[in-house]
Amino acid sequence: MFPMVTEFMNYGQQTIRAARYIGQGFMITLSHANRLPVTIQYPYEKLITSERFRGRIHFEFDKCIACEVCVRVCPIDLPVVDWKLETDIRKKRLLNYSIDFGICIFCGNCVEYCPTNCLSMTEEYELSTYDRHELNYNQIALGRLPMSIIDDYTIRTIFNLPEIKT
């Protein structure tokens with residue numbers, strides 16, 4: 001008779017413990033109910049990127065001195081710099097500059113070490129294409145400034161998201 005009573009008491013304690021765990025989980029769920037959503041509706045809402053965001057690289061052809069520092073500091077030797085030595089003035093003349101963003105890891109070393117600051121990171125991150133060869137940007141494509149999403153009236157911009165506290 002006593003083993004049956006102790007089993008019944010253990011069953012009751014386990015039931016109370018299970019109900020307490022379910023209640024704790026439900027309280028955590030309810031604490032998240034009044035927070036703002038973390039996800040955004042992407043094509044119609046876009047985040048304003050931070051100041052130090054590393055997006056597409058912008059290139060200013062007139063400032064470049066063809067020193068190839070960007071190629072030397074790149075971990076994958078990505079920028080292609082074609083130049084010609086002008087013998088009469090003994091300086092390099094830049095002919096072509098290109099970066100393949102299909103291979104680029106957006107580390108920012110080329111921007112950081114450029115002595116003339118002809119490279120800069122933009123806030124543009126929408127580089128998707130159907131053909132990977134379209135990601136090879138020459139100096140003309142690199143020279144284009146990105147469109148500002150703040151000026152686009154069809155897109156709702158979101159300035160800050162709720163931070164996740166860990």
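Note: Cβ is positioned from N, Cα and C throughout, glycine not excepted.
Copied from Swiss-Prot, the annotated features are:
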- C64, C67, C70, C114: [4Fe-4S] cluster 1 binding site (BINDING)
- C74, C104, C107, C110: [4Fe-4S] cluster 2 binding site (BINDING)
- 55-84: domain '4Fe-4S ferredoxin-type 1' (DOMAIN)
- 95-124: domain '4Fe-4S ferredoxin-type 2' (DOMAIN)
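Structure with Swiss-Prot features highlighted.
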{"residue": "C64", "record": "[4Fe-4S] cluster 1 binding site", "Cβ contacts under 8 Å, 6 or more apart": "L94, Y97, T116, C118"}
{"residue": "C67", "record": "[4Fe-4S] cluster 1 binding site", "Cβ contacts under 8 Å, 6 or more apart": "K92, P115, T116"}
{"residue": "C70", "record": "[4Fe-4S] cluster 1 binding site", "Cβ contacts under 8 Å, 6 or more apart": "P79, V81, N109, C110, Y113, C114, L119"}
{"residue": "C74", "record": "[4Fe-4S] cluster 2 binding site", "Cβ contacts under 8 Å, 6 or more apart": "C107, N109, C110"}
{"residue": "C104", "record": "[4Fe-4S] cluster 2 binding site", "Cβ contacts under 8 Å, 6 or more apart": "I57, I76, L78"}
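Ranking the binding-site residues C107, C110, C114 by other CB atoms within 10 A of the CB puts C107 at the bottom. Mapped onto DSSP classes, the domain '4Fe-4S ferredoxin-type 1' (55-84) shows 5 helix, 8 strand, 17 coil. Non-local neighbours of the domain '4Fe-4S ferredoxin-type 1' (55-84) in the same chain are 49, 91-101, 103-107, 109-125, 127, 137, 139, 142-143, 145-146; each lies 6+ residues outside the stretch with a CB under 8 Å from one of its CB atoms. Secondary structure at C104 ([4Fe-4S] cluster 2 binding site), as computed by DSSP, is coil. Within 8 Å of the Cβ centroid of the [4Fe-4S] cluster 1 site, not counting the listed residues C64, C67, C70, C114, the chain contributes I65, A66, E68, V69, V81, C110, P115, T116, C118, L119.
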